[in-house]
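Visitor: My questions will all concern the structure given below.
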Amino acid sequence: MLKVGLTGGIGSGKSAVAARLAERGAVVIDADRIAREVVEPGTPALSEIVAEFGEAVLTPEGKLDRPRLGDIVFADADRLAALNAIVHPRVGRRSQELMAAADPDAVVVYDVPLLVENGLVGMYDVVVVVDVPARTQVERLAATRGMSEEQARARIDAQATREERRAAADVVVNNSGTVADLDTRVAELWADLERRAVRD
Ligand SMILES: CC(C)(COP(=O)(O)OP(=O)(O)OC[C@H]1O[C@@H](n2cnc3c(N)ncnc32)[C@H](O)[C@@H]1O)[C@@H](O)C(=O)NCCC(=O)NCCS
Ligand SMILES: Nc1ncnc2c1ncn2[C@@H]1O[C@H](COP(=O)(O)OP(=O)(O)OP(=O)(O)O)[C@@H](O)[C@H]1O
């Protein structure tokens with residue numbers, strides 16, 4: 001098994017890269033998706049979040065009101081740390097379970113935004129960083145998720161810097177160009193990962 005940690009800042013294009021790697025045969029484990037699953041209604045994590053942040057972070061249907069909680073935690077580092085302490089250990093455990101269950105011959109890609117922030121670099125054979133300037137992150141988050149510049153900047157500021165991420169990278173995928181350019185970059189990346197998988 002080749003274990004690949006795939007990371008990048010919010011809106012950098014990690015999921016776009018992960019989807020293209022999955023098409024080529026990689027097993028992709030998506031930390032954002034697991035982070036959603038562990039806070040579904042009825043979970044202990046959701047109860048802990050309500051105890052910490054109050055009923056105001058629930059929708060009338062009893063689900064987590066994600067935009068509301070996002071506005072709270074990305075404006076206050078202490079509150080974000082409190083949320084992370086509830087969610088991250090559960091995401092870590094679940095992702096390890098999925099990794100352990102994957103085909104031993106697979107290229108397994110863990111798509112995780114906070115790989116550098118959470119000190120996970122040493123757990124992977126290869127660390128791939130999807131890299132764009134902050135301005136591009138802001139533009140794409142506005143275009144695709146309707147985020148204001150302020151909301152986008154608050155999230156970017158809660159993450160590692162571009163330099164910190166690049167310093168941790170074995171491979172940097174530049175996603176400043178078009179989607180067609182990204183297809184080419186991912187074809188090169190896949191060839192590189194396959195070479196590494198054979199060597200391992
Ligand atoms: C605050 C929440 C409710 C906002 O939900 P929302 O649906 O708006 O965003 P979503 O979860 O899709 O995340 C989008 C992106 O935001 C960034 N982000 C999310 N959580 C964090 C965090 N704790 N610190 C820094 N950036 C984060 C990532 O780049 C992520 O890809 C949610 O992000 C959350 O529960 N975060 C804590 C768990 C976490 O760290 N998840 C990231 C993967 S483990
Ligand atoms: N080269 C590109 N040109 C234009 N748009 C792009 C490009 N690459 C990705 N996008 C778009 O930008 C948005 C953000 O990309 P994506 O969701 O893959 O980022 P991400 O890094 O996974 O973000 P998050 O951290 O929020 O999960 C998506 O809507 C995606 O389709």
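Glycine too: its Cβ is placed from the backbone N, Cα and C atoms.
Here's the feature list from TrEMBL:
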BINDING   GLY11, SER12, GLY13, LYS14, SER15, ALA16  ATP binding site
Visitor: Test of understanding: give the count of other CB atoms lying within 10 angstroms of the CB of ALA16 (ATP binding site).
Guide: 16
Visitor: How many neighbouring Cβ atoms, not counting its own, are there within 10 Å of the Cβ of GLY13 (ATP binding site)?
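Guide: Taking every protein chain into account, the count is 25.
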Visitor: Got a sec? Which of these binding-site residues, SER12, SER15, has the most Cβ atoms within 10 Å?
Guide: SER12
Visitor: Around the ATP site formed by GLY11, SER12, GLY13, LYS14, SER15, ALA16, list the extra residues of the same chain whose Cβ is within 8 Å of the site's Cβ centroid.
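Guide: Sorted by sequence, the hits are GLY8, VAL17, VAL130, ASN175.
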Visitor: Near LYS14 (ATP binding site), how many other Cβ atoms are within 10 Å of its Cβ?
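Guide: Around the Cβ of LYS14 (ATP binding site), 26 other Cβ atoms lie within 10 Å.
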